[in-house]
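J.: Okay, so Swiss-Prot annotates it like this:
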type: COMPBIAS; residues: 74-88; note: compositional bias 'Low complexity'
type: COMPBIAS; residues: 110-121; note: compositional bias 'Basic and acidic residues'
type: COMPBIAS; residues: 157-166; note: compositional bias 'Low complexity'
type: COMPBIAS; residues: 170-187; note: compositional bias 'Basic and acidic residues'
type: COMPBIAS; residues: 259-269; note: compositional bias 'Gly residues'
type: COMPBIAS; residues: 283-296; note: compositional bias 'Acidic residues'
type: COMPBIAS; residues: 326-347; note: compositional bias 'Polar residues'
type: COMPBIAS; residues: 359-371; note: compositional bias 'Basic and acidic residues'
type: COMPBIAS; residues: 385-396; note: compositional bias 'Basic and acidic residues'
type: COMPBIAS; residues: 495-506; note: compositional bias 'Acidic residues'
type: REGION; residues: 1-217; note: region 'Disordered'
type: REGION; residues: 253-299; note: region 'Disordered'
type: REGION; residues: 326-407; note: region 'Disordered'
type: REGION; residues: 425-508; note: region 'Disordered'
type: TRANSMEM; residues: 678-698; note: transmembrane segment
type: TRANSMEM; residues: 700-720; note: transmembrane segment
type: TRANSMEM; residues: 726-746; note: transmembrane segment
type: TRANSMEM; residues: 752-772; note: transmembrane segment
type: TRANSMEM; residues: 794-814; note: transmembrane segment
type: TRANSMEM; residues: 833-850; note: transmembrane segment
type: TRANSMEM; residues: 858-878; note: transmembrane segment
type: TRANSMEM; residues: 881-901; note: transmembrane segment
type: TRANSMEM; residues: 906-926; note: transmembrane segment
type: TRANSMEM; residues: 965-985; note: transmembrane segment
């Protein structure tokens with residue numbers, strides 16, 4: 001390997017370098033004054049030489065958002081060449097490459113190039129090579145290829161986006177890696193660099209690169225280039241790969257917000273517009289870097305056995321005494337036996353009593369765990385006591401599967417209190433005898449206070465005796481009567497000091513382990529010799545030391561257990577919100593989960609957001625998390641989430657296994673592609689047209705075609721643009737109304753029905769789901785979330801009405817004799833005995849669009865058809881009261897769904913939701929309020945309108961919103977009444993998973 005010469009410093013021989021496998025690069029000290037003089041000598045010749053080198057050499061340009069890191073060390077070859085030859089110093093300083101931030105290398109990393117270095121060392125010592133005189137470093141042979149590739153890419157893509165200019169050099173990552181490898185080898189005494197000199201070099205290269213970039217991309221072309229490169233770099237200031245930019249990174253893409261995902265819709269297919277063309281982002285990949293050549297660490301699957309070994313090593317570092325203990329603390333694999341989900345620390349604490357702890361569900365009454373300080377008092381239980389009317393469980397079956405779980409008297413201690421307890425020293429040492437006059441409560445640690453705090457509900461009496469005096473009293477009496485001297489024997493003194501070193505000076509052991517200590521500073525008592533007669537004290541001290549070590553291990557495992565449980569609670573919350581769990585019962589689900597896992601948690605739900613607070617009673621603190629997501633409906637994933645939720649609640653699987661299953665479920669793709677969903681969208685529109693809106697046989701294919709257009713707008717266009725998703729409902733209703741009125745006007749409305757085509761095509765974007773959730777939340781006393789959803793649903797309905805009015809008016813301007821019928825003729829309708837055949841087909845379409853499995857469809861069809869029969873006959877008697885018919889149909893649906901959940905142990909939500917969606921179009925069609933704006937369209941196209949008619953039309957334009965509210969109120973009343981009949985006392989263990 002080549003050795004470098006310095007100013008007065010001796011270098012090692014090549015044989016020594018080969019033996020030690022590294023080179024000691026000795027860097028000279030750069031003279032700042034000499035550097036300035038060299039710059040002041042610049043003449044016209046040197047300026048011409050500078051310009052020529054700039055044109056010949058390839059300048060390294062960084063993007064505007066990326067600045068090279070300021071390194072303390074300069075390039076070894078550059079600085080050595082500047083001191084060895086004065087003739088090449090001017091060229092080196094003038095060369096822009098020399099101003100780049102320099103790097104240092106570890107010889108072990110470039111060991112493969114040692115042969116080339118040996119060959120080039122002779123030449124460089126004689127005359128010096130071109131590369132060394134210019135101060136450039138050859139990283140590897142692939143750099144030349146990458147430079148040629150960069151030049152070719154810059155020529156080909158210079159006019160388009162210019163993404164190659166924003167990519168870092170491939171060798172820069174290697175340099176950064178090698179720079180970090182040699183940080184520990186640098187000695188500032190051997191050779192250094194002036195920091196101001198290095199700072200000036202960095203500033204000069206950044207300014208020169210920016211000026212050169214500005215000259216090259218000036219004018220309109222440069223402006224568009226800046227727009228296209230806006231926010232194109234990653235979180236670290238540069239892109240991770242050399243691929244072409246996606247649509248979301250270009251100027252047009254940012255205007256239309258391609259790939260942003262859009263917001264969730266409010267129709268019968270919530271979340272359909274949340275699909276994106278891009279892959280779902282991986283947070284770990286974004287943090288660690290997803291490029292192949294970015295030098296980031298590849299994220300791999302978690303190996304829990306390996307983590308267990310690492311945790312043991314970490315404990316051994318912090319607590320060295322734990323290495324000599326009995327290795328009885330083994331990791332509990334995920335495929336453990338049933339009943340070990342909540343007591344995951346039990347095998348680590350006491351393996352013999354693990355089975356006993358699993359058999360008893362009420363872990364809070366276990367006094368052994370309370371002694372270890374793992375539990376803290378449940379403040380809610382202390383405040384309200386046992387007189388909570390909501391927790392009366394006298395009429396519930398505790399022995400059954402859904403047995404009642406009372407609010408725990410104690411919950412797991414928080415993370416902060418456990419950390420403080422882990423790093424606090426015990427206060428019951430002999431050093432406390434010097435301050436025996438102090439009150440015992442003043443010397444308590446947080447661990448001792450927490451142990452007393454576990455018995456707060458029982459108000460245990462306290463004593464004012466000073467037990468520290470009792471400890472020293474008997475010893476003084478023995479010494480007094482036996483007249484023994486305090487002089488230790490020579491052979492026993494060293495042994496006694498070694499035995500009691502940790503006990504007499506507890507801070508010294510913590511200093512050895514480099515642990516922080518939160519103990520109050522107090523004077524230490526002088527060392528006392530141990531009486532040889534008192535042999536039993538040694539045994540007690542050993543046992544006490546072992547007990548403290550076991551307590552530290554328990555606390556360490558307890559902290560990881562608490563973090564795992566809190567993470568699972570947030571994951572299950574996000575999954576339930578994503579896949580369409582009943583929003584008015586989300587707080588109940590989370591409360592039940594935290595109660596079973598013995599976590600002190602409080603939950604507040606807002607639309608699209610859940611605020612989670614984990615309390616710590618010992619430190620009077622709380623940790624607040626906000627879980628946000630775009631809510632939608634995915635019936636298959638909702639069923640899987642419910643299965644995982646029930647398995648954890650009933651102690652069938654552990655928390656870590658449930659977390660792994662949830663992660664796998666979230667990453668799983670949807671069952672049906674967007675193109676299939678568009679086809680199902682059109683098929684569903686065709687099926688709902690005859691039985692809900694009175695369409696004929698000829699209206700079915702027309703409605704199918706128009707429904708395909710609406711489905712494409714929702715699943716493709718709306719999912720690619722955030723801006724368009726805001727006006728999707730208006731544009732879809734305009735297109736549908738325009739096409740439907742044009743087709744309905746053929747042959748003077750004798751062939752096709754305008755109202756059936758228009759309402760059938762818009763049936764799947766009716767605000768049925770969101771207004772249903774709003775009414776259920778209002779009825780369950782969740783005023784904030786219910787009011788927000790209800791008001792949004794009303795405005796959403798007005799959007800649809802405005803779009804229908806505008807589309808009909810546009811066609812009225814084109815064709816003066818357009819139809820204005822809001823109802824189909826009686827002779828045009830399908831016979832009533834055939835309408836029931838379209839209901840199961842529409843139910844299948846609704847289930848498949850919402851990603852339901854095929855095995856879930858039979859139950860959906862039975863419940864949906866039964867509910868429609870009730871609605872049909874109720875509509876014959878209450879023709880003008882849509883809320884009555886909706887309430888009767890929803891009551892039937894709720895009874896069947898809850899019975900299915902209770903008898904066959906299914907999930908009522910997935911079985912009831914398509915049946916409820918069938919009730920919404922039927923209620924809307926009873927008054928034809930969706931086409932109430934057709935009169936306003938006629939008013940716009942005909943100028944002879946009076947003030948009376950305009951006032952009546954203003955009231956009719958709001959009729960669609962009022963009809964939606966009436967239908968939703970009837971549905972919510974029917975659902976709550978059905979839940980009351982089937983579950984008169986509710987489900988106190990898992991929560992009622994129904995609408």
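The backbone N, Cα and C atoms fix where each Cβ goes, and this holds for glycine too.
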J.: What stretch of 700-720, 726-746, 752-772, 881-901, 906-926 shows the most Cβ pairs under 8 Å to the transmembrane segment (833-850)?
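T.: Going through each listed stretch, the top one turns out to be 906-926.
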J.: Who are the long-range neighbours of the transmembrane segment (678-698) in its own chain, taking Cβ under 8 Å and residues 6 or more past its ends?
T.: 269, 672, 704-708, 710-712, 714-716, 751-753, 755-757, 759-761, 763-764, 823-824, 828-830, 834-836, 838-839, 841-842, 845-846, 848-849, 868, 921-922, 924-925
J.: In the same chain, which residue numbers or ranges, 6 or more beyond the ends of the transmembrane segment (858-878), come under 8 angstroms Cβ to Cβ?
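T.: Non-local partners: 691, 835-836, 839-840, 843-844, 847, 852, 884-886, 888-893, 896-897, 900, 906, 910-912, 914-915, 918-919, 922, 926.
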J.: Can at least 3 Cβ pairs under 8 A be found between the transmembrane segment (752-772) and the transmembrane segment (881-901), with each pair 6 or more apart in sequence?
T.: no
J.: Using Cβ atoms only, state whether the transmembrane segment (965-985) and the transmembrane segment (881-901) have three or more pairs under 8 Å that are 6 or more apart in sequence.
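T.: Contact confirmed: at least 3 Cβ pairs fall under 8 Å.
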